[in-house]
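So the structure is just underneath, and the comments pick up after that.
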Amino acid sequence: MFRTVKETARAVAPVAKRAASSNVSQSTSSSSSSNIALAAAGVAAVTALTSMNENKKAMCAVEPVDMAILKELAEIKKVLANLDPTSKILGQIEAGLAANPDMIMSKHFDLSYYNSLSDGLKARLLACCKSGAENHDSGVGVYAMQPSDYDDLKPYFDKVIRDYHKIPNEVKHVTNWDLATVADRLPAGGKLDLTKLGLGVTSMRVRVGRNLASYPLPGAMTKEDRLNMESDMVKVFKELIEDPAYGGNYYSLTPGSPYEVSEKFYQYLVKSHIMFKDMAADTYLASAGIASSWPFGRGCYVSADKGFIVWVGEEDHLRIMCMKKATVLNDVFDRLKSACDTMERICGNFAHSKSYGYVTSCPTNLGTGMRASVHIKIPKLTAGGSDAKAKAVARPLGLSIRGMGGEHTPIGADGTVDISPSARLQIQEAEIICALYEGIKNLMEEEKKA
Ligand code: ARG
């Protein structure tokens with residue numbers, strides 16, 4: 001993004017100094033805004049140098065730096081960060097690149113693209129990048145704030161999306177749940193029966209992330225938006241509760257809601273893996289604004305048989321899921337499809353992008369928004385309590401491995417893991433469920449060999 005840090009520091013020092021001494025945040029002339037951009041580059045350079053300085057090993061690889069310039073820029077940076085929050089976040093993005101060169105957000109952040117945008121789009125882009133700017137250990141580091149961000153900021157997001165999803169050319173996503181179209185990959189009769197793979201009753205779950213087209217995405221929602229969206233969803237849940245195929249209850253975390261549950265009951269729901277955890281504890285979500293106004297507008301619907309659950313107000317407006325302890329994968333897949341159709345008919349269209357399919361807050365979930373998983377025991381591949389071997393075997397099979405408590409949780413002591421096909425975008429829903437079945441088969445064979 002920048003030239004070498006040393007060159008950048010030299011180039012921007014005089015301009016940065018001028019910008020800092022003439023109160024830049026007050027000025028609107030275009031030459032001042034280019035001063036801000038240059039000053040921001042200076043800030044970024046200083047931040048990058050500072051973080052390299054902290055890392056002695058990295059320091060050895062860096063050319064010797066003119067310490068006088070470094071000191072001067074550090075002073076300027078302090079002044080500018082107070083004057084202009086934009087400089088601060090640009091500096092954080094650049095520092096993120098130095099600290100973690102693999103982070104997708106900062107890797108693709110191009111200052112000349114940023115500078116070519118209108119003020120409105122600049123602010124929108126920075127809001128999307130805030131999580132990675134503040135959390136340098138992010139793998140991705142970017143969340144959309146509006147359903148239209150993916151299309152309005154396409155030159156940036158397309159690079160992010162294609163990098164994460166490993167799509168070399170233009171993304172062409174097709175939505176298709178029809179298992180008849182993948183009949184050649186299904187066993188005769190079309191049933192994905194796990195007993196045929198030597199498994200017994202297995203815990204299986206399929207979820208999709210969905211967002212209502214009529215609200216900003218969770219990172220940009222006001223408290224009022226969150227409350228209104230929850231009220232809209234309560235109308236949907238009332239219809240489901242009336243329907244004998246669903247029944248059940250809605251549990252709200254919103255203080256004062258007629259559906260509000262006690263803290264104790266909420267904790268019970270979390271322990272039972274029915275409800276999501278306190279999002280404020282997730283620093284990525286907190287930085288993105290997704291966890292804001294917690295716990296207002298948050299809740300979850302649970303069907304009478306507990307096999308169909310809808311989270312309201314987590315990373316996406318809705319996480320819609322079907323789970324069952326059973327042997328045939330089609331059961332959860334078919335039920336989810338019909339439940340999504342029923343919900344969309346009542347609550348209005350889900351946000352959808354022509355290029356990227358269903359819109360989700362995180363670019364990792366775009367496309368199908370689907371994660372289809374089962375819990376299986378692979379004690380040999382997880383021997384010694386480490387999931388490293390299992391992950392190494394699973395990756396080329398197109399599978400992701402998680403602990404039983406969800407993302408970033410440890411594997412079970414008995415070697416039970418949660419496996420799911422990794423692909424979400426430019427893959428069809430029907431293909432994901434086939435990939436899960438084939439993945440289980442392949443992973444079980446690897447377990448036998450291990
Ligand atoms: N923002 C986090 C990161 O970049 C999480 C990304 C994927 N997980 C998710 N729940 N969207 O590391």
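Think of each number as a place in line: the chain as shown, counted from 1.
Cβ from N, Cα, C; glycine included.
Taken from TrEMBL, the feature ATP binding site applies to 203-207, H273, R319, 371-375, 402-407. Counted within 10 Å of its Cβ, the other Cβ atoms near R319 (ATP binding site) come to 22, all protein chains included. Under the three-state DSSP scheme, R319 (ATP binding site) falls in the strand class.
Across the domain 'Phosphagen kinase N-terminal' (86-166), the DSSP tally of helix, strand and coil residues reads 56 helix, 0 strand, 25 coil. Annotation comment: TrEMBL describes 86-166 as domain 'Phosphagen kinase N-terminal'.
Per TrEMBL, domain 'Phosphagen kinase C-terminal' is recorded for 200-450.
Of all the binding-site residues listed here (S203, S373), it is S203 whose C-beta has the fewest other C-beta atoms within 10 angstroms.
Sequence-distant neighbours of V206 (ATP binding site) (same chain, 6+ residues apart, CB-CB distance under 8 A): M321, C322, M323, V332, F333, L336, M370, R371, A372, S373, I433. In this structure, R402 (ATP binding site) is part of a beta strand by DSSP. One residue stands out among the binding-site residues R402, G405 for having the most other Cβ atoms within 10 Å of its Cβ: R402.
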